[in-house]
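Q: Structure below; questions to follow.
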Amino acid sequence: MEEKNSKSKPIIVIKYGGNAMVSENLQRAVLKNICTLKSQGFAVVIVHGGGPFIQEILDQVDIKSEFIHGHRKTTPEALRYVEMALKGRVNGEVVNIINSLGQTAVGLSGRDGKIITAKRYYHEHNDNGNITRMDLGQVGEVSQINPRLIYLLLEQDYIPVITCIAPDKDGNSYNINADLFAGSLAGHLNARVFGVLTDVDGLMKDINNPDSLIREISLQNIKQFIDEGVIKGGMIPKTEACRLAVERGASRATIINGKKPEQILSLMDENQSIGTTIKL
């Protein structure tokens, strides 16, 4: 891992997604508060996916999506349109809004500057002890990280906005789960905070009871909460991303509600009790 400049600002990596990406007003409010963090002296890196926009463009070109145990199988043809949605639409919109708010953003994918080298991801399904390994096509996972370009951009006061497309060592492109992409990167950058935007207030013991919000968990608790069904569905990759980030070098990870943009301003304040924080 490269050493970052000792004079560099504290880094915050934000996984941007959910409703905050779909609603135009919410999108602007969220990005405005992210820009405020930048103005307060933090180095900001944004990672995004774009599930709703991917489905929209695949529907337009009549490419049917096949899901295997919740994972989208991606053909080489589909990947071209996935990248069109992620890099051509979502990434460009985010960069444009940030620039209009007075900061300067640079749109990237994992292939730029060889930031991320991917490898093919095989989904393992456990059916009563029988493990089935499934090939999901052009779906990848993070194999290597080269942060040099990100550090250069941060040193020059830019906000890198990165989408989760990356090639393997032979140049074959893959779509990587944006949560895991972001968590891996946050760990490698030794982020002060890894912030994950969701559509709920954090991890809850009872999704219907706001008072059941879990304020803080350790890495050791994650498996227990998954086994108990407290962490389930879309929260599993988000929590796994937080685990990756903290295990690999981030100081802490916090899951917050992207529909409450004001929570973003509290991400760097350890004394503010927002969302669910994951620590060692």
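Glycine is treated like the rest: Cβ placed from N, Cα and C.
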Q: May I ask you to find which of Arg28, Arg72 TrEMBL records for the substrate site already listed with Gly50, Gly51, Asn175?
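A: Among Arg28, Arg72, only Arg72 appears alongside Gly50, Gly51, Asn175 as substrate-binding in TrEMBL.
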Q: What is the pLDDT of the domain 'Aspartate/glutamate/uridylate kinase' (11-257) when averaged and given as a whole number?
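A: Taking every residue of the domain 'Aspartate/glutamate/uridylate kinase' (11-257) together, the mean pLDDT is 94.
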Q: Around Arg72 (substrate binding site), which residues of its chain at least 6 apart sit with Cβ under 8 Å of its Cβ?
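A: Ile54, Ser65, Glu66, Leu136, Val139 - these are the non-local Cβ neighbours of Arg72 (substrate binding site), listed in sequence order.
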Q: Would you pick out, from the recorded sites Lys15, Lys238, the residue whose Cβ has the largest number of other Cβ atoms within 10 Å?
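A: Neighbour-count leader: Lys15.
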Q: Could you check the binding-site residues Gly50, Gly51 and say which one's CB has the fewest neighbouring CB atoms inside 10 Å?
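A: Gly51, out of the binding-site residues Gly50, Gly51, has the fewest neighbouring Cβ atoms within 10 Å.
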